[in-house]
């Protein structure tokens with residue numbers, strides 16, 4: 001009798017393992033593409049700086065755009081994280097991708113309407129659209145990191161790698177568009193318009209992927225059902241969307257009725273993972289204090305001309321992408337929390353390195369430094385996001401994913417503000 005029960009139990013475990021692996025490769029690919037879409041609009045703005053610097057040459061667009069973007073992302077993600085446990089994640093993420101599509105489409109439309117003349121009016125209009133990007137980013141990035149945190153760890157890496165890949169892809173796309181038109185102001189404008197319309201199409205694709213492809217994958221349904229059984233309310237709409245009605249009434253039962261007894265609060269999660277939060281915060285503070293503002297405006301004039309900034313942005317994005325794939329090699333995944341702090345603190349050396357290279361070094365050294373900045377940023381990010389959720393229940397992992405994104409956005413904001421310090425003494 002005992003042997004029979006053990007056999008049944010083992011069969012159930014094997015069945016669950018089969019479900020968690022079914023469609024795993026497609027899930028990885030979709031997570032990677034959705035990560036692309038999360039930052040595709042933002043990276044489009046960064047890689048198009050060579051055009052914006054000409055159109056809005058009096059307004060420091062490389063710095064102002066990031067300064068506009070981050071406060072809206074920060075306020076929104078703080079609000080969403082506070083109410084994360086009761087949030088309809090499906091509606092949240094689809095709304096975010098829809099806003100990305102709308103605002104990235106409005107930028108070239110505004111440029112066409114004003115004939116690319118620039119000026120304060122179009123600049124303010126562009127800033128409004130960029131503020132919309134910040135709002136959409138908080139909707140998507142926090143929601144997606146929360147979701148993949150209670151799924152297979154490879155999905156965390158896939159989404160994170162997709163974030164970095166968006167930079168590399170937009171940079172490559174920008175180089176192709178730029179090379180396809182004459183090296184004139186009019187050619188630069190036309191290449192920029194084509195670039196933005198392609199970006200808008202990709203955001204539309206992401207809406208379709210999240211709404212119709214991702215929720216129908218067996219492995220995704222398995223992890224969402226598991227999270228729901230552990231008390232998560234955020235996955236209910238996604239389960240219902242694919243016909244799983246077992247948890248349809250969860251949203252009417254209230255959090256207390258569903259939440260497991262051992263469910264940690266956000267405050268408790270924050271205290272237990274304060275080191276991971278610091279790592280993410282400090283990593284992005286330092287990165288954004290250099291990229292993209294310093295690279296776009298403070299690296300001097302070189303024989304590459306307008307291609308120089310585009311090249312530096314591309315090299316950073318390639319490095320960031322490579323850094324996020326390094327942890328796939330298990331022996332290179334930094335699991336020690338103490339060593340992770342040491343690694344992120346050591347990045348302070350980039351500040352004097354960039355300063356002296358910009359002042360005295362050739363452009364080759366600047367390119368190498370930029371690649372290293374990207375590699376270290378991507379590597380630290382993935383190690384922290386993979387390490388932090390381990391050992392927690394589904395709802396706790398979802399909440400922790402959102403909390404880490406909060407500190408990521410705070411780090412971005414502080415880094416953007418710090419980036420202006422490079423202008424001290426330049427008479428701007």
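All residue numbers here begin at 1 and follow the chain in the order shown.
In case you wondered, yes, glycine gets a Cβ from its N, Cα and C as well.
Heads up, TrEMBL stuff is auto-annotated, nobody curated it.
As annotated by TrEMBL, transmembrane segment applies to 29-48, 68-85, 97-114, 120-140, 161-181, 193-214, 276-295, 307-327, 339-358, 364-387, 399-423.
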When counting Cβ pairs under 8 Å to the transmembrane segment (364-387), the leader among 29-48, 68-85, 276-295, 307-327, 399-423
307-327
Contact between the transmembrane segment (307-327) and the transmembrane segment (68-85) (3 or more Cβ pairs under 8 Å, separation 6+):
no
When each of 29-48, 97-114, 120-140, 276-295, 339-358 is checked against the transmembrane segment (68-85) for Cβ pairs under 8 Å, which one has the most?
120-140
For the transmembrane segment (29-48) against the transmembrane segment (120-140), do we get 3 or more Cβ-Cβ pairs below 8 Å once near-sequence pairs (under 6 apart) are dropped?
yes
Grab the same-chain neighbours of the transmembrane segment (193-214) for me: Cβ-Cβ under 8 Å, and only residues 6 or more beyond its ends, written as numbers and ranges.
26-27, 30-31, 33-34, 36-37, 40-41, 44, 47-48, 93-94, 97-98, 100-101, 104-105, 107-108, 111-112, 170, 173-174, 177, 180, 220
